[in-house]
Amino acid sequence: MAIDLRPFIPFGRGALSQATDPFRAAVEFTLMPMLITNPHLPDNPIVFANPAFLKLTGYEADEVMGRNCRFLQGHGTDPAHVRAIKSAIAAEKPIDIDIINYKKSGEAFWNRLHISPVHNANGRLQHFVSSQLDVTLELSRLVELEKERKTLSIETARSKDQLDYIVEVANIGFWTREFYSGKMTCSAECRRIYGFTPDEPVHFDTILDLVVLEDRMTVVQKAHQAVTGEPYSIEYRIVTRLGETRWLETRAKALTGENPLVLGIVQDVTERKKAEANKALVSREIAHRFKNSMAMVQSIVNQTLRNTYDPEQANRLFSERLRALSQAHDMLLKENWAGATIQQICATALAPFNSTFANRIHMSGPHLLVSDRVTVALSLAFYELATNAVKYGALSNEKGVINITWAIMEDKGEKKFHMRWAESRGPEVMQPARRGFGQRLLHSVLAEELKAKCDVEFAASGLLIDVLAPITPEVFPGMGHNVPEQRIA
């Protein structure tokens, strides 16, 4: 259904009377879904919706006209996004925002929404104009070029201003290029994206000078490809005259003939490229952590089977140790894998024992954040040591206690981390004939992750473990060298 724009856009006399009107052509050319609302009517209703909007949402014109745009919202729409839009409209300010909207079919989609107020010559608000872009599959989809046209008339200043208005509202720059001469005509938004002044003459070489050297040849090849009449799309980097590197995406197509004219659009996609790079980084980090987790699981399996010959007991031990590993991962997930404090690690790993042995497990020390790998190693070590204490140590009788302390101390002029596990008032302990899983965790995994020295003493008063490690940013994230010294008595 064609919708008349004349009641809402200030054209001159007879501006829409011709089928080849460049403004109408530009609307069809970009296929940009657009709405116009009237804030002077109750509830700021829609008074214009172009065919692209109807196609995007699946609604008919009579289903949207006269309604507030909120009908596109649904249960998945973030209330904070809705509040931001309301605030911008109330303040008569433009806003760019990504929001979840819903089509008539009920299908949700990410809508890159741009809303801009339109004022008259006296500065009075007349309408709100909005453009939409479905960015569900990609963060920044550009408008496709329309079917080939013989000419795109920009003969009058009025027509050119109207075309610039549309592409600027959509944050998309529009340009034309004479294929053989390289002379270009650019919209105001296009000039802003490239950093050109309003009156500066623009040539293809002017743009090419901004393109980074690594991307320049590809841009030239794509530009020459346009003469075939086939549309092309390219992403490339430029360095602005202010020295800022930006990612741009251009889509173009040539109107072939005796004097080919290339029509194109350009959009700044720097933020999208940053998001893609961050996504790739996160994917690599997830893969790395998965490998580390699998290595830890394999180690638990090997150590459990090596020291346990009873299948039922091995299965029980493996399940308990795997549960401890899972609790460590849950703790890291809550902290976005930024590590955890030693206090958090102790509390989580020893929670199953505190309920049974109330007031017999004590912990104290400063707030110290350790890396994710150390978090896992400490969690398993604490759990295994507590399990052994229940079987053979301080928690195997009615009065034994465990004291876990940690501090920063000076060792030979160097700040170091000192942690102690001290059992007392339990039965006399003796050094086992061979190392169990707990000792292997201390001497292999924990010592390696902390770059630490681990001393284990089977004293008559109870098990005593001292861990001494250097202060490094890899192990203690964010910790500087000016750490107050705190000794363990």
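The first residue you see is number 1, and the count goes up from there.
Cβ coordinates come from backbone N, Cα and C, glycine included.
As annotated by Swiss-Prot, domain 'PAS' applies to 19-93.
Under the heading S-4a-FMN cysteine, Swiss-Prot lists Cys69. In this structure, Cys69 (S-4a-FMN cysteine) is part of a helix by DSSP. Listed in sequence order, the residues of the same chain lying 6 or more apart from Cys69 (S-4a-FMN cysteine) and placing their CB within less than 8 Å of its CB are Leu35, Thr37, Ile46, Ser130.
Residues annotated as domain 'PAC 1' in Swiss-Prot: 93-147. Mean per-residue pLDDT, taken over the domain 'PAC 1' (93-147), amounts to 82.
For the domain 'PAC 2' (232-281), the DSSP-based tally of helix, strand and coil residues reads 12 helix, 27 strand, 11 coil. The domain 'PAC 2' annotation in Swiss-Prot covers 232-281.
Feature annotation from Swiss-Prot assigns region 'HWE histidine kinase domain' to 285-367.
For His288, the entry in Swiss-Prot reads phosphohistidine, with the evidence type similarity to another entry.
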